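Student: Checked Swiss-Prot, it gives:
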DISULFID  105-116  disulfide bond
DISULFID  134-143  disulfide bond
DISULFID  270-382  disulfide bond
DISULFID  294-342  disulfide bond
DISULFID  522-540  disulfide bond
DISULFID  603-655  disulfide bond
DOMAIN    32-519  domain 'Sema'
DOMAIN    569-671  domain 'Ig-like C2-type'
CARBOHYD  44  N-linked glycosylation site
CARBOHYD  127  N-linked glycosylation site
CARBOHYD  652  N-linked glycosylation site
């Protein structure tokens, strides 16, 4: 059967199924480019490692750029992957629970598949040849050292004889949130250290000094959910270094009311903390915490708070600048689901910790600033050169007076909260189909400034690439979603993300596996200057011939075209290879439609962020008018749908897009409307000349309502009937008669009744009817 004839017969059904929903206006939060799992693989932008058994059960990921290795901790195994290759030679070491641990775990009521295994949750660098690894050990945590060799060697070995108890260094459960970092040969962890998951603490172990832990007082930690831990120096004095913990707490209502609320915190301890001599023995004597606020200001002073901390990324600066903390938050409200990204300067965090302490007289009282005398040395400070005074040396926290230790025990909370830069989030996402789980940031130098590119991992296996424009007269940050990348084939939550600026690569981890993803692929945006400029990707610029990687030190400076802030190709791309686009926009596709029938004109812009507009030039008119839509003429996301075509709809249609003030033509159609009377006459004449048959009598019984029959037949359950109806009544006959679907009026995608040159074919068809081959007999 002629493909054009089949497309004509089944067009109406596909229209009803696929284009019946009106198109909403473009949203600034819609990704400008969406790339599927297949797209990423076919363009070599990503590579996937699923392990030898098809699924990793990944728990932790450690990127070691010194050794050019990526280390993975999973269920009962560890892996080493080389960064300079597409995972061709992975190394695996099995690490099963100790004998009897799994049996005991099952006996205690835990799940043998999802809990009673050794889930590796800690991978930290110990020295130049070894990593410290800790696993859940079937609810009996264990730790050991892993030999990884020197730089250039691809070695991965586990010494089973060195396995030791990991309690306090690794949680019992594979799903329990926790954070860890390795500083000076010691492991700092924030976790719940008991079997039942109730004993929350911050723990230090593994070095020559005695282990240190949080006091059991509930005022320190209330059901914490640890997210991240890192050593952050306050100044050049190494004795003043601190380890910062980022976490959320569920605490009693701060105003003394009933119920509990979730609050995000930043806490810190001194690296040289040794505990107290008589008070807080073997306990933290420098622990302080402050609230992290991420909220959107509203009318009347009301604020919408994002209180659940999801992930934290530290953006280390160049010399002379302050460290910036990017934090991803979510709402805890049952009313709506929202996410926000707030940015904090470390200098602002330091100011809060140097400010007033919080105090209240009782559980039913509100918090206020402490107004009494603060002892010396100031509670929470590290013993260092800054605290030493003549005649009163404090070389260790054990030398601190008891009143200092008692004060820090009673007042661990700071009164002032830490507020984000500019007082509001740089990015807010609400009513998403997926949850945001991970965040990493890359600071990129572009032609018109420096931009922070934010990569957000979701719980559906995709990564959003976003920039937030600030300043330049903007009262609020402008969100620009550059790409949505479907990294994994099936939906799976992204639980780990690491970025290599040196390799311009993002490493994405999920329970399914690990993906290596290039940060950019500029040629994907298109082959024209306007398309490259409209992408607004700081990584990419038009170099005069193609959309290519922007390099600040490139010698082709005068040829580069890039406008991240405004995305205006009208200025940037003047005379830069737009002739090809103009030639394409001048092409006119001829489309035929039948009066009172449905017809569809397809227009698919490259950018979902562009506003689509349709213009009509009627026969005899010199100017064009914008198409007015109503119940009969509907503009959808795929094009323009005429539900019931009229003779007045004939004319030249132009589909244009408008994006950042730049308009361009996508496609043009010349729509010709065939009168219903003319088509009815054709069917009536054919039915009289045909041999009698059941299908022939059906066609001639109601020649004026044939299109209504097709509409009634459309539907998934009736597709075989549509096929048979088209085949026997119309499609095969038309395909065999005089090549009436051949010629210059060819069927375009989604166009009905293309190629019916009725005026030219009518006479020849009538003269040749007596020589026509019967429909049910093949020609010889």
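Every residue, even glycine, has its Cβ placed from backbone N, Cα and C.
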Student: Using C-alpha atoms, which one of the recorded positions 116, 127, 143, 652, 655 comes nearest to residue 382 (disulfide bond)?
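Tutor: Comparing Cα positions, the closest of these recorded positions turns out to be 127.
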Student: So what sits near residue 270 (disulfide bond) in its own chain, CB-to-CB under 8 Å and at least six residues off in sequence?
Tutor: 240, 241, 242, 286, 381, 382, 383, 397
Student: Of all the disulfide-bonded residues here, 116, 522, which one's CB has the most other CB atoms within 10 A?
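Tutor: Highest number of other Cβ atoms within 10 Å: 116.
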Student: For residue 143 (disulfide bond) and residue 127 (N-linked glycosylation site), what Cα-Cα distance in Å is obtained after rounding to a whole number?
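Tutor: So the Cα of residue 127 (N-linked glycosylation site) lies 16 Å away from that of residue 143 (disulfide bond).
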Student: Could you tell me the C-alpha distance between residue 603 (disulfide bond) and residue 342 (disulfide bond) in angstrom, no decimals?
Tutor: 38
Student: Roughly how many Å separate the Cα of residue 655 (disulfide bond) from that of residue 522 (disulfide bond), to the nearest whole number?
Tutor: 26
Student: Within 10 Å of the Cβ of residue 655 (disulfide bond), how many other Cβ atoms are there?
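Tutor: Taking every protein chain into account, the count is 23.
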Student: Consider the recorded positions 44, 105, 116, 522 and say which one has the Cα lying nearest the Cα of residue 652 (N-linked glycosylation site).
Tutor: 522
Student: Which of the three DSSP-derived classes (helix, strand, coil) applies to residue 143 (disulfide bond)?
Tutor: strand
Student: Which residues, sitting 6 or more apart from residue 134 (disulfide bond) on the same chain, put a CB under 8 Å from its CB?
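Tutor: Listed in sequence order, they are 120, 121, 122, 141, 142, 143, 144, 166, 169, 170.
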Student: Of the residues in the domain 'Ig-like C2-type' (569-671), how many are helix, strand and coil by DSSP?
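Tutor: So the counts come to 14 helix, 46 strand, 43 coil.
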Student: Compile a sequence-ordered list of residues in the same chain as residue 342 (disulfide bond), six or more apart from it, whose Cβ lies below 8 A from its Cβ; state 'none' when nothing qualifies.
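Tutor: In sequence order, the residues whose Cβ lies under 8 Å from that of residue 342 (disulfide bond) (at least 6 apart) are 292, 294, 306, 326, 327, 329, 420, 421, 424, 425, 426.
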Student: Let's check the environment of residue 143 (disulfide bond): how many other CB atoms sit within 10 Å of its CB?
Tutor: 22
Student: At a 10 A cut-off on CB-CB distances, which of the glycosylation sites 44, 127, 652 has the highest count?
Tutor: 652
Student: Applying a 10 Å Cβ distance cut-off over all chains shown, what neighbour count does residue 105 (disulfide bond) have?
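Tutor: There are 22 such Cβ atoms around residue 105 (disulfide bond).
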